[in-house]
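Listed features, source TrEMBL:
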TRANSMEM  20-43  transmembrane segment
TRANSMEM  55-73  transmembrane segment
TRANSMEM  80-99  transmembrane segment
TRANSMEM  119-137  transmembrane segment
TRANSMEM  149-169  transmembrane segment
TRANSMEM  175-193  transmembrane segment
TRANSMEM  200-219  transmembrane segment
TRANSMEM  291-312  transmembrane segment
TRANSMEM  324-351  transmembrane segment
TRANSMEM  357-382  transmembrane segment
Amino acid sequence: MRNYVKQFVRNFDFPLFFTYLILCLFGLVMIYSSSLVWAVGYYDFEPDHFFRKQIINLAIAFPAFFVAAFFPYKNYKRKKLMIVSVIGMLLLLGLVHVFGYGREQLGAQSWINLAGINLQPSELAKIIILVYFASVFAKKDERGTIDSINQSIMPPIGILVIVIGSVMLETDMGTSLIIIVGAFSVIAASGINKNTFLKLSGIISVGLLLVSLLLYFKWDNIMTDSRKGRILSYLNPFDYIQGSGFQIANGYIAIGSGGVKGHGLGNSIQKMGYLPEPHTDVIMAIISEELGILGVAVVIGGLGFIVLRALIIALKAKDPHARMLAAGIGSMIGVQTFVNLGGLTGIIPLTGVPLPFISYGGTSVILMSIAVGILMNVSMFVKYENKKK
């Protein structure tokens, strides 16, 4: 144990950690700035309500990061751990729809309240699916069956399809995309040959197509007014500025008015009631308005560094399991960043996906911290293994 602690300290990835820490603290400052008026004017809370709640979220997230960083990633291959994790994930997703515990928040029916704590099971699914797929394919590699499509591959594919179907029922297309890309990234990094990858992609695509057909028959329930509004406002937000396009149109105004240096921290106009929920998934609009292109560059640069770091770790890893985890986590953070910023800038419809480490929210920042903690553990192992050689 003592030797493991020494190796933990000696091989700690400080650039990765400090980038993660700076993003979290920067996000905390911007949550304080962006939420003051909204907390008082809309919710009748104290001005620093969301700031204080995010401090509590980070007080949980930071220890969660270190626990994940200290926990050897190879333990994720333990069958019992994966079974408990997957069953727990499916039960939580089931609570949203099957058992009627789902509650709507910010236009998405994706939340449950357990013992007074709001949880978003789809956020948990992003991490568990990624770790589960890496575990399955790592075991296949150990058995020398990485290129064979047999019974061992059917459970994870079936679970992936079920999870995607459940998340789509929550009117959460952005998270569905993130989960799918994360799973495919793990498969691609597993070392399987091209033909096997194409076959697996075909099987997963057929499963997702069947889910889409089943959802089609519930179209009236799925295509809610909120989702219709997001599609219409995506096409031309200023035509719907008094309704569904209000948030995205004012987001454009905030982004466009910031210029290079912005109006200064705390000096946003759009957060004065024009931009709804400015501390959540549209927080980058406030960053752009107050801190300009320079502030945006800091956030994108930090997130880009973590993604690049993950891919470099994956390339250096000799252990397929380590490679899959690093590639999957890097892809997940990268795609989530794209989905968030793409929605804010009109590249894709606004989906409500939070900006990693920056947007307000407990579930998101805690689980993203765990993901970076896992990446940290993989990084330390890769560094240790490469030093031995």
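Note: Cβ is positioned from N, Cα and C throughout, glycine not excepted.
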Item to check | Among the ranges 80-99, 119-137, 175-193, 291-312, the one whose Cβ pairs under 8 Å to the transmembrane segment (20-43) are most numerous | outcome: 291-312
Item to check | the transmembrane segment (80-99) in contact with the transmembrane segment (149-169), cutoff 8 A, at least 3 CB pairs, sep 6+ | outcome: yes
Checklist entry - Under a criterion of three or more Cβ pairs within a distance under 8 Å and sequence separation of at least 6, are the transmembrane segment (55-73) and the transmembrane segment (357-382) in contact? => result yes
